[in-house]
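Trainee: First the structure, which I've put down as structure tokens, then a few questions once you've had a look.
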């Protein structure tokens with residue numbers, strides 16, 4: 001048997017770092033104390049209410065939430081709510097075991113099972129750890145006696161006398177199940193948390209959890225693959241037994257690995273000390289260079305100071321001599337007393353020159369030396385930046401590259417990167433980004449640590465450009481920064497909607513996917529059958545579909561993709577007071593003879609066609625984007641035809657009465673015009689022939705998927 005004291009590591013909660021208390025099994029199969037789950041969710045709710053991570057639930061000192069867990073709580077709290085109240089709301093839980101965000105479903109904590117097996121093992125461990133501590137009787141009068149048995153049906157402990165009193169012979173209680181003294185009382189039958197009156201009798205192989213027959217009949221496991229509890233028990237027990245037998249048979253190999261690991265521990269200690277010495281030596285060399293530079297700079301400043309002081313002192317002495325009875329003036333006064341003309345002339349000539357110089361210097365006074373030391377200011381900005389990036393040599397660590405095709409800007413920013421080499425030696429990555437402002441020369445980089453190769457960033461300003469860069473880390477070793485990539489956010493907040501399958505939807509010609517995010521127009525038998533009713537043969541109607549949500553005010557942006565094979569698609573906006581006219585407009589036809597891409601251009605025909613439309617939209621098709629005919633548009637038809645972007649966007653500003661059509665990949669405006677926003681505005685689409693439109697999906701955090709191992 002395995003010693004109970006040798007498994008302490010498996011009995012510690014990853015959140016509170018203490019022995020499990022009423023452990024719950026998460027969907028990721030990790031166990032967390034019931035109290036810890038509630039406290040982590042309370043911390044999440046506090047963070048969501050406060051709008052940030054400053055609230056870390058200080059009233060719960062028991063739980064130790066790591067900084068990475070708080071970062072995930074912040075990310076979840078910033079992710080916002082779902083589209084509407086009709087969508088079932090799910091609870092996200094940052095698992096402290098696998099460091100992933102787990103979806104607890106609609107029932108949250110109430111949908112989790114207690115791990116009674118683990119609870120029993122923890123209780124046995126506690127009893128082994130406190131063998132000298134007795135469990136007292138729950139019914140004795142003070143002082144209580146030591147209990148001799150515990151009733152699993154009553155969930156209480158008794159001494160011999162109290163057990164006889166409360167479980168008399170000939171009564172129902174006499175049939176209760178009793179065990180040795182314990183504080184761990186578990187139910188005899190495991191009940192379903194979703195259907196509290198039903199016992200679990202099946203096992204869902206998809207969700208890897210026990211379920212009842214109601215869960216299978218009409219619950220969330222209706223379409224899942226399930227098996228009987230006995231089959232799951234037998235399968236799991238056989239697999240677990242085989243794996244345990246295999247590990248026990250490899251005991252000598254495990255001991256050899258332990259010996260090797262002990263040697264590696266000692267080697268790691270020695271190598272770390274050597275690395276510390278080398279790092280200390282390197283920084284000592286830097287310090288020596290800095291000390292030399294410091295001494296040289298101080299010597300230069302001191303020499304300059306002495307030279308300036310000497311010049312200023314001499315100048316002060318010269319001006320001191322200009323005073324009466326002092327210096328030069330005093331000497332000149334004595335020379336004037338000379339009566340011998342030849343001697344006076346001989347001395348006075350040189351003296352007069354000095355007096356003239358002193359007079360001129362007095363008229364234009366200028367200090368002999370500067371008092372400022374601006375030339376001796378040390379510029380260390382570049383050195384500071386270099387020292388800031390000072391790290392251990394990358395030792396071949398690959399420089400990551402941001403994948404611009406997989407990265408995108410929408411309601412949030414999704415930044416993806418990859419390493420050019422086949423092997424990825426980095427453990428973590430640091431992603432930095434900052435907003436590009438024309439008025440500011442340098443902006444502060446914001447950084448976030450990432451364990452994967454993608455990151456979703458929220459709270460970016462609309463209609464702004466951001467620079468991104470990433471570097472890899474392996475321990476303390478880091479790679480150089482990647483090339484900076486500049487992405488632009490949408491010009492307005494993202495507007496979410498689905499295709500409306502009620503108002504004017506033509507199910508014969510249009511096909512919606514179940515999520516109502518894609519619509520397809522099939523050029524099949526309905527079109528051929530409709531051609532029998534055409535009098536000329538060159539006219540065919542457009543099939544319209546609108547969004548299920550309208551816009552009354554403000555500025556909004558949405559994006560979509562048009563399949564390259566699409567023959568004709570029109571996109572734009574329509575007012576609520578013109579929807580009826582939209583679906584019953586007699587001029588709502590398209591003729592190949594007069595289409596803009598047919599090669600025949602007539603200003604009067606285009607003007608009539610545009611004026612007849614009860615909405616504002618542009619034409620797409622055959623991998624082209626057609627700028628509508630307006631007085632401001634180019635007259636040459638070729639200049640009004642642009643390549644069709646891979647993703648298109650529409651920006652509607654109800655306050656200004658304008659609608660713009662964008663290349664959503666670059667967030668560049670291709671065409672803008674005025675629009676009447678007197679009513680509620682709806683996104684509008686029209687398709688003809690073979691065509692398809694897919695709404696751009698919102699950027700959301702990706703949750704882990706848990707694969708079945710049975």
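Keep in mind that glycine also has a Cβ here, set from the backbone N, Cα and C atoms.
Keep in mind that this is a model prediction, so the values were computed, not measured.
Marked as region 'Disordered' by TrEMBL: 51-72. Positions annotated as compositional bias 'Low complexity' by TrEMBL: 55-70. The domain 'B box-type' annotation in TrEMBL covers 187-229. What TrEMBL lists as domain 'COS' is 336-393. Summarising the annotation, TrEMBL assigns domain 'Fibronectin type-III' to 399-492. What TrEMBL records for 477-708 is domain 'B30.2/SPRY'.
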Trainee: According to DSSP, how is the domain 'COS' (336-393) divided among helix, strand and coil residues?
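Mentor: Counting residues by DSSP class gives 34 helix, 1 strand, 23 coil.
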Trainee: Tally the residues of the domain 'B box-type' (187-229) by DSSP class, grouping H, G and I as helix, E and B as strand, and everything else as coil.
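Mentor: Once the DSSP states are binned, the domain 'B box-type' (187-229) shows 7 helix, 11 strand, 25 coil.
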Trainee: Under DSSP, the domain 'Fibronectin type-III' (399-492) has how many residues in helix, strand and coil?
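Mentor: Result for the domain 'Fibronectin type-III' (399-492), in helix, strand, coil order: 0 helix, 43 strand, 51 coil.
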Trainee: Looking at the domain 'B box-type' (187-229) alone, can you tell me the average pLDDT?
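Mentor: Averaged over the domain 'B box-type' (187-229), the predicted model reaches a pLDDT of 82.
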